[in-house]
């Protein structure tokens, strides 16, 4: 059985903004785009003032950021992964392009029970140790052109959200994400004003809330001020240490904390244009 192949759309010749060289073949385009994506996620892309703030926070909170010694994991989100959890995730996965190992959700789901137990044992070994396989942290990224931008500029392309990562790794990620999401929602640890990326919520909720505020102000002869912000490249420029500090402040600890900390370390990617791959980037 073969997984579906995610096809990248044709990329126009790209101009290196540093030296005006033009990348014409797919290999050179992939390399140029990989450098652009790597730069976006690096500290070099940040203002010097913010770099200083990040470094100071790391030094001040270095003990807080340390890997936890997990002697007692009594929290339900830290319990060993069950076969039921794994099967529920597999049953809800849709057909999509696999990672480099070419193992699809369909292949995993059709393995015999004895083999699924071996997969479960692998997942629990990763979960308990907090050490995630390098293959699970590697992605083949597909560049997508941003409409209305200069096609020759590498900055006019974004890495596709659903990059080609290992399906085995994605199953484990989904299990952990479901546990974390349930804990955050059940304990009201997410602001009620956040509507995006939440079950049974949508950005339209914010529009309705704004409309209600405007109507209420109009009724009471008052005014409403609104500020709209678009955080460009929000995911690609995420402050990883800041995320871990916030998790600790929310009380997330043990295996869950260690997994998330390792998940965000030493991730690698390659850009694919046509059938050509760039060199490995972090």
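Backbone N, Cα and C atoms are what each Cβ position is placed from, and that goes for glycine too.
According to TrEMBL, the protein has these features:
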| type | residues | note |
| --- | --- | --- |
| REGION | 1-25 | region 'Disordered' |
| COMPBIAS | 1-10 | compositional bias 'Basic residues' |
| DOMAIN | 151-267 | domain 'Reverse transcriptase' |
**Prompt:** For the domain 'Reverse transcriptase' (151-267), what's the model's average pLDDT?
**Reply:** 90
**Prompt:** According to DSSP, how is the domain 'Reverse transcriptase' (151-267) divided among helix, strand and coil residues?
**Reply:** 59 helix, 4 strand, 54 coil
